[in-house]
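Database features, via TrEMBL:
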- 16-264: domain 'SMP-30/Gluconolactonase/LRE-like region' (DOMAIN)
- 18, 154, 204: divalent metal cation binding site (BINDING)
- 101, 103, 121: substrate binding site (BINDING)
- 204: active site, proton donor/acceptor (ACT_SITE)
């Protein structure tokens, strides 16, 4: 094993840092601060972060084939033009619900944007249960709802052969798999492939590596874990110097670096003084595996 090293590359103090995505065109890392209401882009060259403020909690960001980005904002799918700092609504979901918002989202191998909702939190991980749903925004800008009764819609990714969709509803403490139809975007046959141990706490964001293994950020667990979806076994644990690790992605020139977002919401002064890097962005090197580049929204 190469020796694993962890560095806080951006001390952002995010309230809820989330949705890291490597933008190869810009050679930069995208991420959001959900409750901080901003979309951010960190450059490894300048080591600076640019941020665009938005008018609602922004929970995920994705690349767009035609350039720029798509985001989930409040209960809207929206387009973001970076240079113009312009946000335009594509469509809205959960119109019958007053207090939900989108959470994690990701684009599938066919260019569809999957994203789920949850109730607004009273405090971190405390909320009205079963208020969320999982949606897909298609390239023709139509929306399909897959299912509801979700607590906290979270991490998502697809197997290397595109036949399995992986998904996390955080308060189930489970990583789930579905059969997945690349042609239609339909999912079915839900099953659990891994139940989190007590010390791993709450499963949050997730990504996949080129060996087909899943990496899951553990909120309140201060770690990312590597899982084998075939055997349901945990293969590796990487501990970070902050408790509230929220999501992970691979990036860098050859996708051999892992970036991990974190949160500071819900931490008191004493806790923050022990973990001054809470809300920062971390880079992990030496994992010995590479990641899969993100898919762009096909519009």
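Yeah, the Cβs are placed from backbone N, Cα and C, and that goes for glycine too.
Remember, predicted model here, so these are calculated numbers, not experimental data.
Ranking the binding-site residues 18, 121 by how many other Cβ atoms lie within 10 angstroms of each Cβ puts 121 at the bottom.
Close to residue 18 (divalent metal cation binding site), meaning Cα to Cα within 10 A, are the following binding-site residues out of 101, 103, 121: 103. Once Cβ contacts within 10 Å are tallied over all protein chains shown, the binding-site residues 103, 154 are led by 154.
Of all the binding-site residues listed (101, 204), 101 has the fewest other CB atoms within 10 A of its CB.
Cα of residue 103 (substrate binding site) to Cα of residue 154 (divalent metal cation binding site): a distance of 6 Å.
Same-chain residues that are not part of 101, 103, 121 yet have a Cβ within 8 Å of the Cβ center of the substrate site turn out to be 34, 57, 59, 100, 102, 117, 118, 119, 120, 127, 152. Other residues of the chain with a Cβ within 8 Å of the Cβ centroid of 18, 154, 204, the divalent metal cation site, are 19, 103, 104, 152, 155, 168, 170, 205, 217, 219, 246, 247.
Within the model, the domain 'SMP-30/Gluconolactonase/LRE-like region' (16-264) carries an average pLDDT of 97.
Cα-Cα distance from residue 204 (divalent metal cation binding site) to residue 101 (substrate binding site): 16 Å (rounded to the nearest whole number).
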